Amino acid sequence: MKDTVYEPSDATVSRAHVDHARYAEMYARSVEDPEGFWAEEAKRLDWRRAPTRIKDVDFTHGSVSIKWFEDGTLNVAENCVDRHLATRAEQTAILWEPDDPEEPAQAITYRELHENVCRMANVLKDHGVGRGDRVVLYLPMIPEAAYAMLACARIGAIHSVVFAGFSPDALGQRINGCGAKVVITADEAPRGGRKTALKSNTDKALIHCDDRVKCLVVKRTGGQTTWTGQDVDLTAAMRDAATDCPAEEMGAEDPLFILYTSGSTGQPKGVVHTSGGYLVYAAMTHEITFDVHDGDIYWCTADVGWVTGHSYIVYGPLANGSTTRMFEGVPTWPSASRFWQVCEKHAVTQFYTAPTAIRALMGQGDAYVTGSDLSSLRILGTVGEPINPEAWAWYNDVVGQNRCPIVDTYWQTETGGHLITPLPGAHATKPGAAMQPFFGVRPVVLEPESGKEIDDTEASGVLAFADSWPGQMRTVWGDHERFENTYFQQYKGYYFSGDGCRRDADGDYWITGRVDDVINVSGHRMGTAEVESALVAHEKVAEAAVVGYPHDVKGQGIYCYVTLMTGVEASDELKKELQTWVRQEIGPIAKPDLIQWAPGLPKTRSGKIMRRILRKIAENDYGSLGDTSTLADPAVVDDLIENRQNKG
Ligand code: PRX
C-alpha cells in the first residue's frame, strides 16, 4: 500500500526558516563538516568565551567520551533571560495558564522573568547552594518551576526535576541518587480540579534522606501543610531577596541538569546534560522544527518533569526569546475543549502535544474542537510515542484543518532534542512517520542480531546513530560504566536508541517502538523492571513479570503476571490492592492495567523468564508464540493462555 504523502503548502514553504533545498545543503554540510557546521551554529548563543574546540567524541565502548564546545564558557540563564533584556524586556516570556480556567492567566515578561530568577537564585545562595550542587525540583506546572531551573543555571547548580506525579518513594530515591542539598516543592499541585499534596509527599520522601536536605516551599494554593525546622517559605523569601544576582561563568561541559529516566534494567538512571551543546541544540531544534518567528505564541503541553518540558517549554524557547506557554492543567478538565479554548484565547501558533492526548480527545468527538477558533494555529507537533494513522488524520483534519503541517518529532531524554522529524517547509509528511534526521544526526538501521548496518534504502531493524550531536547526554550521573553499557555495548561504535525502526523506499524513517524492556504508557516511559520490583516488594507476591500490551488510548498498557506466595488466596480485592500498591510505590502512571495470576512463569531451563512469550500472550497474539522448545515446563504456557486477561 502506498503511504499518503502530504506536501507542505506554498505558504508554509515561503515562511519557513528552512526549505527543501536549504535542508539538503545544510544537512550535507552538517555531516561532512560537523566542526564547521556546529562552530557556526554555536553563535546562536552569547558566550563569555567563544569555543574553539568544537567536537571531541569517542563512541568506542570502554572509552566513550562526548564533548562539545569544550573550551567555551557561558551561562545558560544569561542566554535564556538577560541577553533578551535589551530588545524584549516587555515581551511576554512565559504565558501561564492555571489549572482552573476561572483563575487569571499570567503573562511574565522577560524583565519580570529576570527579576524572579535572580530572586530565587539569591534565596538558593542564602541556603548554601553553589556551583555543582544538586537541587531537586518537585513542583506543579507553575512559573516558579521555570524560575527554579534558571536560578540553578544562573548560579551553576545542577537541577533534577522530578515529575509531580511520582510517589514519595520515587522522589526520595532521586534526592538520594543525585545527593541533593535542597528540594524545591509547593504546598499543593492543582491538576484537573484535584490537588496533590506535594509538600506532604516531600516530607515522606525526606524521612529517607540526609536530614541536612532543606525544603523550600512555594505557596501555590495556600492550603494547609506541615512546616518543619528545615522548611523555608520560598514565596516569602523571594519577596525579600535582591532582584539582581550575577550569573556564574560555566564551562560548556559543566552539567546543567540530571533527569531520571527508566531503562530496561534496574532503577531509573540519571541522564546528565551539559550546558553549551545542550542549549545550542535545544535552541536550534526549537526554532527550526517548529518554524518559530517573532510574535508567535508557542505552546508545548508537556510537563517540566519530562525532557520535553526542559527542552521545549523552558530552554529552547527562552534561549530563542520566544513566548512560551506553560499550562498547569489537563486536556480533559473542565471539559475536553480545554486545549482548544486555550489555543483560541491566546492565539496559539504552534501546538505540541503527545499522541495519547490526541487519542483521548479524538474519542470525545469533534464538537469539542470545532467550537473554538483555531485559525491562529500554523504548526502541530507530536512527541513521545508512535502516532497511529487514525490519530494523525484526526489531528491533521480536525485540529489543523488540513492547513498545519504535523511535525512528528522522534527523540529521547538521552538525546536532549529532536533527532528525526519532518521540518515544516522542507519535508512532506506521512501519517506515522518521523521522516528525516535533524542536522548533524546520522541514523542507521542495524540488523538486530549481527549489528550489521543495512545499506539498502528500504530497511527494517534497530535504530542507532553513527555520530554525536551537541544535545546528546554525556553520562549517567555517578555511573559512567552504566552509560557505556546501556548505549554503546551492544552495537559497537554506535549510540543505540533502544527503538526499532523502518526506512521506507523514499528513505523516510518510521519508529516502530521499543525493542527492549521499556514500555511507553501514555507517552511516559517505564521500565518493566521497576514495576516488577514494586510488585515483589509486596508481602503476598513471590514473583512478577511485567510487559506492555496495545492500549487504545495509552498506546501501551501495563500487563502484570503475578505469582503469589504459597498459601495466599487470589482474589479481585488482592488485584486492587496490588494496583494501589504499585501506584503508591512509583506513582499513578505506573498503575497496572491488567493483572493475571500466574501459577508459574515460562522459564528457560536456566531459569530465565521468556518475556517474548509473555508479551505475545498479553497482546492476545498467542497463535505465533514461536519456539517454545527451550521451556523448562511448556504446560505453564497453556495455563497462561487459558487465563489471559486481554481477550479483546
Ligand atoms: O520509544 C521512543 C519513544 O519514546 C522514547 C523516549 O522516551 P523519553 O525518553 O521519555 O522521551 C520522550 C520525549 C522525547 C523513545 O525511545 N518516542 C519518542 N518520540 C517518538 C517516539 N516513538 C515514536 N515516535 C516519536 N515521535
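Note: Cβ is positioned from N, Cα and C throughout, glycine not excepted.
Any TrEMBL annotation is an automated prediction that lacks curation.
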Given that TrEMBL lists Gly384, Glu385, Pro386, Arg514, Arg525 as binding ATP, which residue among Asp366, Asp499, Asp552 does it place in the same site?
Asp499
Which are the residues of the chain, Val536, His538, Val541 excluded, whose CB is within 8 A of where the CB atoms of the Mg(2+) site average out, their centroid?
Ala534, Leu535, Ala537, Glu539, Lys540, Ala542, Glu543, Ala544, Val562, Leu578, Trp581
Given Arg191, Gly192, Arg194, Ser522, Val536 as the binding-site residues, which ones have a Cβ positioned under 6 Å from some atom of ligand 1?
none
Same-chain residues six or more away whose CB lies under 8 A from the CB of Arg514 (ATP binding site)?
Gly498, Asp499, Gly500, Asn520
Might you list, by sequence position, any residue in that chain lying six or more from Gly384 (ATP binding site) with a Cβ less than 8 Å away from its Cβ?
Thr308, Ala354, Pro355, Thr356, Asn520, Gly523, His524
Please tell me which one of the recorded positions listed here (Glu385, Pro386, His538, Lys608) sits closest to Arg583 (CoA binding site), measuring Cα to Cα?
His538
Taking Cα atoms as reference points, rank the recorded positions Glu385, Pro386, His538, Val541, Lys608 by distance from Gly192 (CoA binding site) and give the first.
Glu385
Rank the binding-site residues Thr308, Ser522 by how many other Cβ atoms lie within 10 Å of each Cβ and give me the one with the fewest.
Ser522
Spatial separation of His538 (Mg(2+) binding site) from Arg525 (ATP binding site) - C-alpha basis, Å:
23
Can you figure out which of Gly193, Arg194, Pro386, Ser522, Lys608 (the recorded positions) comes closest in space to Val541 (Mg(2+) binding site), comparing Cα atoms?
Lys608
